[in-house]
Amino acid sequence: MTATHPLRTITAHEFDAWAHMVTTTYGQDWHEGGLRNAASSLQPQRTIAAYDGTQIVGGASIYGRVMTIPGAAIPVAGITLVAVLPTHRRRGILTAMMRKQLTDLHESGGEPIAALNAAEATIYGRFGYGIASHIAEIHADKKLLALRPGTDLGDGTIRLLDHQEARPLLEKVYDIARRGGVGWLDRTETFWQARLADGERVRDGGTALRFAVHLEQGGEATGYALYRSKPGLVQVIEVASTTRQSYAALWRYLIDLDAHAALTYDGAVDEPLTHLLTNPRAARTTLIDNLWVRLADVGRALAARRYATPLDLVLEVQDPFCPWNAGRYHLQAHGDSVTCERTQAHPALRLTSAELGAAYLGGTTLSSLAAAGRIEELRPGAVSTASLAFRGERAPFHPSGWAFPAF
Ligand SMILES: CC(=O)SCCNC(=O)CCNC(=O)[C@H](O)C(C)(C)COP(=O)(O)OP(=O)(O)OC[C@H]1O[C@@H](n2cnc3c(N)ncnc32)[C@H](O)[C@@H]1OP(=O)(O)O
């Protein structure tokens, strides 16, 4: 808590007042559908508020989700709906809420990592969060888009289904895709509802959501694309597939949609689409930070993932914001056998939790952080060895946001 603004979890009947504070802070009016989605997906016992007397003046919540990480899928605390009223800024309320969330995770033995999408990239580094993934905002000139000759499209078909028909097929495909994709989350009923919410506000001038589902000859769904049309634009919302042929076939379908000059999609940094095109420059991309990861418990987090190469490394971790994490760790990894124990041995690398958070999903490299002067190498070659081991096979990708609406 801060000296003047105590923090506590909200009760269910305080939800409306809490939501009102969040929307006021975000410069919005909460509409009916949004309020319903938030009320059903948020857990009051994981939602905190800062009080000025009886008034709620700040708040933050946690969604408990399961995220695919290199070699495993683990519970992750999804930090969301962080807000402090404009009347109460710069008094340390955010700092107190961040500390409470992480302390609670540590003391309860909760999720070993926390993750969030940052409203501004200047906010969360000070609390030990590091940029673990980027998103490639793709903007393509449709008349220049064409697939390379000879692209294997398989022999399936694409059907436009309505929401009800598509929904079970989407779930099956998504569940296979997310298990193989680092950064992807599990999606329970509540989160599906939010992801597929389709009211006027969500459409933002576009059509209703379209469900293009790829079916194999035997009827099995192996991919889907969610999109809407906006004036002059195909806005691709989500593409998931379980085979390379269905991925290529879905993109051919999207590219072939007539009467649109442009196509947009928030894809992975290493989105295979680029390599399917005759003119890769037709799809221009802007990179933007996406998932910020914070190791709430360094030892448990590092032991939970798998590493690309064998590793025997002593790390000295500095962590003024979460002092329980500070100290030396002996990280040993060989295939599925991974241990991370406290030690007094001499360290090979000195770094903070933020660098470990950044490297955790295998996207940001330790070598790049070291080149920026953010990691101290105490044993020659240790950065290079560790960087290769932390690296993932594919760039991590988080196909939907943490922030409201809650998908
Ligand atoms: C995961 C998500 O939900 S992201 C959404 C985040 N929410 C928003 O952006 C909504 C609008 N903004 C706000 O609600 C508030 O301004 C917040 C939550 C960003 C900050 O809350 P505050 O209580 O004012 O922050 P607090 O007083 O604890 O500041 C902590 C430090 O962060 C800095 N800081 C706070 N906000 C910002 C910002 N937007 N940009 C840069 N620095 C910031 C402060 O200057 C302070 O620095 P210091 O420790 O060096 O003095």
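Cβ coordinates come from backbone N, Cα and C, glycine included.
Listed features, source TrEMBL:
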type     : residues                                    : note
ACT_SITE : Y124                                        : active site, proton donor
ACT_SITE : F407                                        : active site, proton acceptor
BINDING  : V82, A83, V84, R90, R91, G92, I93, L94, T95 : acetyl-CoA binding site
DOMAIN   : 5-154                                       : domain 'N-acetyltransferase'
Y124 (active site, proton donor) versus I93 (acetyl-CoA binding site) - Cα distance in angstrom: 14
Overall pLDDT of the domain 'N-acetyltransferase' (5-154), taken as the mean: 93
Helix-strand-coil residue split for the domain 'N-acetyltransferase' (5-154), DSSP-based: 52 helix, 53 strand, 45 coil
T95 (acetyl-CoA binding site) CB neighbourhood, other CB atoms within 10 A: 13
Which of V82, Y124, the listed recorded positions, has fewest other Cβ atoms within 10 Å: V82
Non-site residues, in chain order, whose CB comes within 8 A of the mean position of the CB atoms of V82, A83, V84, R90, R91, G92, I93, L94, T95 at acetyl-CoA: A50, G58, H88, R89, A96, M97
For I93 (acetyl-CoA binding site), the number of other Cβ atoms found within 10 Å of its own Cβ: 24
Greatest C-beta neighbour count within 10 angstroms, which of the binding-site residues V84, R91: V84
Whole-number Å value for how far the residue listed as 'active site, proton donor' lies from R91 (acetyl-CoA binding site) (Cα to Cα): 16
Integer Å distance between the CA atoms belonging to Y124 (active site, proton donor) and V82 (acetyl-CoA binding site): 11
Cα separation, Y124 (active site, proton donor) to V84 (acetyl-CoA binding site) (Å, whole number): 14
